């Protein structure tokens, strides 16, 4: 996609790299051999396998973790007989309605503080991680640390399964979300991933590469969800948690060995090589220094060319109104489908997989065709995505049969593209040494959304369940409408940037032509007097004789 902010100040390093790339001969893709095409394809694969090996085990273990909490609530906390808990596990709830309600209420109560823990700690940590990553130029720790957290969580689940009756449900819930939260969770992982991609790509290819990483994310979710139920029934808790642990180890090794830190200018650091390295305590104190949080927030309010401050703030608003409804719907979607259409777990899993696959196809088409081939502006892609979400919300709300629900999933086929467009615009807006801070700010906005939209959607659903249970879909559609206006404003800004850039290029071209004409004119004037002087001298010499 064409650069929407061509006149924004960019790092000199990026400019030099792009200029050097433009001077290289362009080789047609059709003229390459299969081996050359394969080498070109594999050379552009960086973080995508690591993202897939991180997302798939997360989704793979999600169902097993929920069932482990339900089993412990029934057998350990409430101490119900084995025949009761076995019947509830097989969903033979006839005659056990009271026990089922008690187990559900106990687990639901734990979900409240689990959400606060899993979202609250990463919100604080990501602020320090983003500033630290920009100061040091290191992106890999931001990607590897969350993998360590999920690995420790998976190992903890194995221990909680082994010591089943000794460890209550609450301890299992703490270890399930504490380790990932302390290591930053998904928010820190994707802050590091998108900052790394922005470091190693040109402006023109950035949207495509961010989209490719998002495709691996979107692909990992349905694969993990589709396998979670089957593997849980076949191999149980030990098998699922064991496979997840192995996947995390592979993901960590790949990130540690294969992924290389992006090259950065080290001129300032070379001058300081003689300085003594700080101690471990000093490094920790510097990492958690409050001044770095101030630096991170100062990025949002930093003034610059082309309404830089307003654009960053608008992007933060877009994150909240686009990501928020997704978290809200996740909190009540299963309850709505179970109540409104009497779906069971298998039917809901099939629909979720279908929705994920259609979203994956829409994302691939949007990024590959609209952005990369047709060079449509990122903001226009964001408008298309937001409109898709708004229309789908009304289809979901007023659907009366199952096929209408599947139709709604097709209507929102390009819904996930707004996230890619927003990340791409943000990466092109700021300098390289501010990417971590901006991505951490966006991550903070995203991590706060489950705390806001989850309870809000649950309250709306509970209040309207008996009258119009699809009300929360309409609320989500209405709350997404500001994203359309925000993306449209960004598009007008991008058009103005391109117009100014064309005028600037035109003025430079006219200036070069004027200088060229002036040089030619001066050369002609310098030659004429010399010729006249020779002729006059010869004439005067003959005249004297």
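Any Cβ shown, glycine's included, is placed from N, Cα and C.
Bear in mind that TrEMBL entries carry predicted annotations, made automatically and left uncurated.
Straight from TrEMBL, the features:
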COMPBIAS  10-19  compositional bias 'Basic and acidic residues'
COMPBIAS  499-516  compositional bias 'Basic and acidic residues'
REGION    1-22  region 'Disordered'
REGION    499-527  region 'Disordered'
TRANSMEM  144-165  transmembrane segment
TRANSMEM  177-198  transmembrane segment
TRANSMEM  210-231  transmembrane segment
TRANSMEM  237-259  transmembrane segment
TRANSMEM  312-336  transmembrane segment
TRANSMEM  348-370  transmembrane segment
TRANSMEM  379-399  transmembrane segment
TRANSMEM  405-426  transmembrane segment
TRANSMEM  438-460  transmembrane segment
TRANSMEM  472-492  transmembrane segment
The transmembrane segment (379-399) versus listed stretches 144-165, 177-198, 472-492: most Cβ pairs under 8 Å: 472-492
The region 'Disordered' (499-527): DSSP-derived helix, strand, coil residue counts: 29 helix, 0 strand, 0 coil
Annotated stretches the transmembrane segment (348-370) and the transmembrane segment (177-198) touching (3 or more Cβ pairs under 8 Å): no
Interface present between the transmembrane segment (144-165) and the transmembrane segment (472-492) (three or more C-beta pairs under 8 A): no
Recorded stretches the transmembrane segment (177-198) and the transmembrane segment (438-460) touching, at least 3 CB pairs under 8 Å: yes
For the transmembrane segment (210-231), sequence-distant contacts whose Cβ falls under 8 Å of one of its Cβ atoms, 6 or more beyond its ends: 47-49, 51-52, 54-64, 190, 193-194, 197-198, 239-240, 243, 345-346, 349, 352-353, 356-357, 359-360, 363-364, 366-368, 371, 416-417, 419-420, 423-424, 427
Stretch among 237-259, 312-336, 438-460 sharing the most Cβ pairs under 8 Å with the transmembrane segment (405-426): 312-336
Distant-in-sequence neighbours of the transmembrane segment (237-259), which means Cβ under 8 A and at least six residues beyond its ends: 46-47, 49-50, 53-54, 56-58, 60-61, 64, 67-68, 140, 143-144, 147-148, 150-151, 154-155, 157-158, 161, 196, 228, 231
Beyond the flanks of the transmembrane segment (312-336) by at least 6 residues, Cβ under 8 Å: 299-300, 302, 348, 382, 386, 389, 393, 418-419, 422, 425-426, 429-430, 438, 441-442, 445-446, 448-450, 452-454, 456-458, 461, 469-470, 472-473, 476, 479-480, 482-483, 486-487, 489-490
